[in-house]
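Here is the structure we will look at, set down as structure tokens.
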Amino acid sequence: MGSSNESRSRMGSIKPLGIQLFECIRGGPLSFRSCQALVLVLTFLSYASYHATRKTTSIVKSVLDPKTSNLGLLHWPSHLYLQDLKGAANNTALQSGWAPFNGEDGTALLGEIDLAFLGLYAIGMFFAGHLGDRVDLRILLTIGMVGTGLFTAAFGAGYWLNIHSFYYFLGVQMIAGLFQSSGWPSVVAVVGNWFGKSKRGLIMGIWNAHTSVGNISGSLIAAAMLKFGWSWSFAVPGAMIALVGLAVFLFLPVDPEVIGVEEDRHVKDYEKNGTDVPLLEGHSSGRDEAVGFIQAWKIPGVAPFALCLFFCKLVAYTFLYWLPFYLSHTEIGGEYLSDSAAGILSTLFDVGGVVGGILAGHISDRLDARALTAATFTFSAIPALFFYRIYGSISLTWNVALMFVTGVLVNGPYALITTAVSADLGTHSSLNGNSRALATVTAIIDGTGSIGAAAGPLLTGYISARSWSGVFTMLMASALIAGLLLSRLVVAEISDKMAASRRPDGSASDLPVSSLEEP
């Protein structure tokens with residue numbers, strides 16, 4: 001019991017007010033399963049809302065920096081989507097863009113804003129992970145979500161306030177990126193506190209659909225709001241994430257100890273078949289100290305997966321930020337799509353991402369080979385990217401089919417590495433049972449990946465002005481490097497499988513990178 005109190009005191013976590021009130025009305029505590037469901041729902045909504053606010057910029061890009069030569073060739077006649085705008089000023093804004101982004105260097109400026117956002121996001125990720133293993137995750141997540149909502153809305157407020165200063169939009173996006181960095185380490189650590197290792201890849205693959213759900217909902221909301229003025233495309237998602245943040249503050253239990261769930265009951269829930277163990281094994285003791293940044297980097301497998309994610313996210317985030325723009329500026333079946341139509345069509349890439357994340361997680365569970373699964377997906381993404389660029393313009397049907405397949409193969413390894421792999425490495429055997437490393441390891445892997453996420457959209461801003469074929473060449477090269485970075489881990493996994501087949505009990509190592517540990 002002393003151990004439990006020490007852990008609760010150390011993390012600074014308290015039972016959320018909403019749960020206290022609900023238990024008072026209900027006349028008893030929530031069950032363990034009910035708390036697990038609550039955690040899944042709240043963390044899912046939390047990170048979906050984070051991605052919904054990120055997606056708005058990609059939808060509005062074509063409005064801020066329109067390609068005027070295409071306005072007469074749009075797939076939909078202009079009167080169909082301009083007639084409902086509120087006043088002539090809005091029509092002018094859509095047709096002539098918004099200074100300073102409507103000049104010759106507008107595309108490059110938008111790329112620089114993406115870099116500012118993702119650069120601060122990547123830097124902030126490392127600090128957020130460090131904080132996440134030391135403070136109340138519920139408070140950290142709430143602050144991040146409310147701050148994100150405020151500064152997302154502030155970007156849109158530039159329209160209402162008639163602001164045309166590049167540095168205003170740049171500064172707002174930098175602060176928004178800093179607030180956004182609190183999200184991923186927090187939600188992964190919370191889920192890790194509640195769920196065990198059994199079928200981790202499949203469970204977290206399904207849960208990780210929040211990324212694509214957020215992208216899809218953000219695209220649909222932002223596209224729908226364009227007719228009222230592009231400012232609303234930022235204001236509405238900003239308000240939504242702030243409201244979800246309030247729900248997180250009131251109801252999210254960060255770990256079983258916070259709500260009084262006994263540790264032996266927690267373990268029992270996951271050991272019904274005698275093989276499952278909790279994701280964070282309950283070794284809470286006074287000697288447990290949060291793992292340092294350098295120590296976390298030295299965990300076998302962290303560095304190669306982090307570098308691999310750098311290139312995986314470079315590809316994924318280039319699609320996240322530039323796919324609607326690409327679709328509206330590329331002739332498909334002899335016609336150009338409107339900004340709204342391009343934004344809606346781009347959601348099919350994220351639908352493929354949902355399938356890819358679940359598929360990669362399930363395959364890696366069945367094979368017990370995370371690196372092999374991730375590498376296979378990344379290598380397969382290379383021909384998918386090539387065919388999408390070459391044949392995606394033939395017709396809308398071809399574009400949709402190839403976009404979906406590309407989404408499966410690009411987002412599959414990205415989802416796997418940021419969820420199941422991060423959880424595996426955050427509870428690696430080299431930590432000797434220390435349960436306070438998950439947020440730090442997650443932040444290192446995703447933070448490194450986020451640097452690639454910043455580089456991809458920035459480079460695209462410059463390269464696309466010359467050639468979209470050059471952009472796809474960059475993406476294919478990145479996928480190739482991502483796969484090659486995992487080659488040592490793939491060899492280790494295959495060797496371990498072969499060695500396991502020769503053992504009397506047929507057992508394999510507990511983690512996919514265990515064979516790389518120093519003797």
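Cβ coordinates come from backbone N, Cα and C, glycine included.
Feature annotation from TrEMBL assigns domain 'Major facilitator superfamily (MFS) profile' to 41-495.
Look at TrEMBL and you will find 108-127 (among others) tagged as transmembrane segment. For the transmembrane segment (108-127), same-chain residues at least 6 beyond its ends with a Cβ under 8 Å from one of its own Cβ atoms are 54, 57, 61, 64-65, 100-101, 166, 169-170, 173-182, 184-185, 293, 317, 321, 443-444, 446-448, 450-451, 453-455, 457-462, 465.
The feature transmembrane segment is assigned by TrEMBL to 139-161 (among others).
Outside the transmembrane segment (167-195) by six or more residues, the chain places 35-36, 39-40, 43, 46-47, 50, 53-54, 57, 112-113, 116-125, 127-129, 131-133, 137, 140-141, 143-145, 147-148, 151-152, 154-155, 158, 203-204, 207, 252, 254-256, 279-280, 418-419, 422-423, 426-427, 438-440, 442-443, 446-447, 450 with a CB less than 8 A from a CB of the stretch. According to TrEMBL, the feature transmembrane segment maps to 167-195 (among others).
If you look up TrEMBL, you'll see 207-226 (among others) marked as transmembrane segment.
For 232-252 (among others), the entry in TrEMBL reads transmembrane segment. Using a Cβ-Cβ cut-off under 8 Å and counting only residues 6 or more beyond its ends in the same chain, the transmembrane segment (232-252) has close neighbours at 16-19, 22, 38-39, 42-43, 45-46, 49-50, 52-53, 55-56, 59-60, 138-139, 141-142, 144-146, 148-153, 155-157, 190, 218, 221-223, 225-226.
For 302-322 (among others), the entry in TrEMBL reads transmembrane segment.
Under the heading transmembrane segment, TrEMBL lists 342-360 (among others).
Positions annotated as transmembrane segment by TrEMBL: 372-391 (among others).
The transmembrane segment annotation in TrEMBL covers 397-417 (among others). Remote same-chain partners of the transmembrane segment (397-417), defined as residues 6 or more beyond its termini with a Cβ less than 8 Å from a stretch Cβ, comprise 201, 205, 208, 211-212, 305, 308-309, 312-313, 315-316, 319, 327, 332, 345-346, 348-353, 355-357, 359-361, 364, 370, 373-375, 377-378, 380-381, 384-385, 387-388, 391, 445, 449, 479, 482.
The feature transmembrane segment is assigned by TrEMBL to 437-459 (among others). Listed as Cβ neighbours of the transmembrane segment (437-459) (distance under 8 Å, sequence separation of 6 or more from its ends, same chain) are residues 111-112, 114-115, 117-119, 121-123, 125-126, 128-133, 137, 181, 184-186, 188-189, 192, 280, 290-293, 296-297, 299, 302, 305-307, 309-318, 320-322, 414, 417-418, 421-423, 425-428, 431, 471, 474-475, 478.
Only residues 6 or more beyond the boundaries of the transmembrane segment (471-491), in the same chain, are considered here, and those with a CB under 8 A from a CB of the stretch are 301, 304-305, 307-312, 314-315, 318, 322, 369, 371-372, 374-375, 378-379, 381-382, 385-386, 388-389, 410, 413, 452, 456, 459-460, 463-464, 512-513, 516. As annotated by TrEMBL, transmembrane segment applies to 471-491 (among others).
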